Every structure is written in structure tokens, then in C-alpha cells.
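Presented below is the structure to which this report refers.
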Amino acid sequence: MACSSSLSSKWASWGASSRPHPSVQPFVTRKNVVRYHKPTSELSYSPLTTTLSSNLDSQFMQVYETLKSELIHDPSFEFDDDSRQWVERMIDYNVPGGKMVRGYSVVDSYQLLKGEELTEDEAFLACALGWCTEWLQAFILVLDDIMDGSHTRRGQPCWFRLPEVGVVAINDGVLLRNHVHRILKKYFQGKPYYVHLLDLFNETEFQTISGQMIDTICRLAGQKDLSKYTMTLNRRIVQYKGSYYSCYLPIACALLMFGENLEDHVQVKDILVELGMYYQIQNDYLDTFGDPDVFGKTGTDIEECKCSWLIAKALELANEEQKKILSENYGINDPSKVAKVKELYHALDLKGAYEDYETNLYETSMTSIKAHPNIAVQAVLKSCLEKMYKGHK
């Protein structure tokens, strides 16, 4: 994947290989993205326009189609029709979708930092970097679903649950992770911040996988011990498992692209890590109290004996009798026992406890953000906070 000297022509020259085939019918439609049910090996595309649209969604998805096309036609590997179709379908199934908060945050943040309209090259690079965060997210989720034995993700069966996929999903997840560095090498290798980007993605991946390990080993089969499920342990899990890649990574990408040294932005990192933990705690809350039809997945934290914010808070608030009920029912895949746990959550008013946490988090974060000396950085942090705040409403 050799790098071209100019990106401006890419919007036209890559159009012939970057748009979905007309026979590929959308099967999930969202406000921000159309996903495709099956790939095709027959190429018959219309060219992309050379003028950047004012619609971020459209621009972002155009870049996605370009990146995907280049990956499945990568000359470093001799794809045949079967392997190309498999990879295309796998990418379409797992990468776009969800809220795409991470990807959009890279572009939004870079725009706010620059303070003026982006050039075509800048817009393309920002979108490409945004998609790198989404590709990393896909890698993490594919493997996370396998480890958790999950059934649905974003309103459809988890990738590994498809009969023709199964354990091949493990290899697919690793492939998605490698795609990130293929994209970075192609478009950023000549940039002065390229090494810092590589280090950022590698460090973020290490932190996330380490957090996943903590989350997994604390609930090994036959070793349930709710006395260990403290708010301290939950904070450690959410910090490493999700905070860095969900919140810090996208903004750090934008800062690097803008020419900033991340070592000069320790305060920004601290704020973003705290917001990232809030994002993960919000996910814990929605796992039990969210509507599966709205959020696209069926919560299983109780059955899986996860050290979620809810169970840690419940154990903090519960009396001895209530702790006994939790011990007897938590972590068991039985609807009646799950119902008892949820009933106790309501009795302890965990909804109210979460709302108190959320309100305090917002106020504290906003105070820290307003204290930052750089107005542009303030705007980036405020944008990040507003995107997350009350995301369950």
C-alpha cells in the first residue's frame, strides 16, 4: 500500500473502487450509516464526487468505502474471490455501525482545533484516522463478544454467532487489528507524527487488552467472590478496558494531527480518561436498565458475573441480608435469579445513584474544562462531554 503524493485526486480516482455495488442491499439503516448485508466480487461502481460534501456523514462514509476497497485489494496479499468477499463482508458487518462516536470525534476535534474549514487532504486524513479508531473498536468487540459468549451486537447476531463464521471470528478480529496499521502506514508514514500515532495505538491496545484481562479473570468459572467487587476494582476495569480507547484515543489522534505534543496535554488526558470511565459506567447502566430495542444488544452483565458499576454500587449500599441475596443470585444464567438481582437494584435505587454520579461528573468535568487555558481545547473537551452526557436518554 504505497502512499500517493497527493490525496486531493483520491476523491475521484478511487471512486471507481470505493462505493458499494448496486446489488448490495442495505439491511440495517441508521441516521448516520447504511450497512450492507453481503459483499460482491463484481465491481461496477459510480465515481465519487471530487468536492467534499458539507455533510460529515457522507464524507465519512466515502472514506470508509475507499479504505475498505484498498484493504481488500491490497497487493501484499493475493486475494482470490472467496477471501476478498469474506473480508469485505466481515468489515461491513463489524466496522461501521453503532454511534461511531470515536471516529466522528477525531474529525470534529481536528476541525475545532484548526478553527477553520479543512482542506480536502486534511478532511480525508482526519476521516481516515477516525476510521482507524473504529477499526480498532471492531477488533476489540469481535473478540470481546467471543469471550463473553454474547448473542447480539448493534441489533444483529454477533459475528461469531453466524453459522458460517464460528471460531474463524478470532482470526477475523486479529485481521481487523492489522488493518489499522495498514491504513496508518499508507496515509501517515511520511508525517512527522507517524511514530507517535503508532505508539498511541499500540499503547491504547495494550491498556484495553489488559483491562479486558482484569475484567475476565475476576469472574473465572467457579471462583465467584463478590467481596472483591468493589468500586475500586470497577474503576480500574473501566479505566483500562474502555476509557483510553473510547475517549482519549480519538482526541489524542486529533492533537497529534494538529502538531501537538501529547506530553504537553496531561490535564487533557486526565479529563478524557475520567469521561471515558463515565462512558463505560453508562454502558454498565444501560446493560441492565436500557431498552435492548433501542441500544441494539441484550444485556448479560448479571448472568456473566461482571464487576459492573451497578453490582459494585449495590454491594456498597446493601445490608447483610441484601448482600446474601446478591451472592445467591448474581452470576447465574437463570432468568428468575436475574430478576431477583434487578429487583434488588430497584430497591437500592441504583437509578438514582447513577443519576447523582452522572450529574456530579458533568459539573466537575465542566469546571475542569473551563479552567483549561486554550479555548480551542476547551471546545474539543466540551464537545466530547456533550456527546456522552445522558446518552441513555
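Glycine too: its Cβ is placed from the backbone N, Cα and C atoms.
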Need the matching range: Swiss-Prot marks region 'Disordered' on one of 1-22, 67-88, 221-242, and I'd like to know which.
1-22
Besides R153, K241, Q280, K306, which of D270, D287 does Swiss-Prot list for that dimethylallyl diphosphate 2 site?
D287
Using the alpha carbons only, what distance in Å do you get between K306 (dimethylallyl diphosphate 2 binding site) and D148 (Mg(2+) 2 binding site) once rounded?
10
Note down the number of other Cβ atoms within 10 Å of the Cβ of N283 (site 'Required for catalytic activities'), including every protein chain shown.
21
Site extent for dimethylallyl diphosphate 2 (largest Cα pair distance over R153, K241, Q280, D287, K306, Å):
18
So, three-state DSSP: helix, strand or coil for R153 (dimethylallyl diphosphate 2 binding site)?
strand
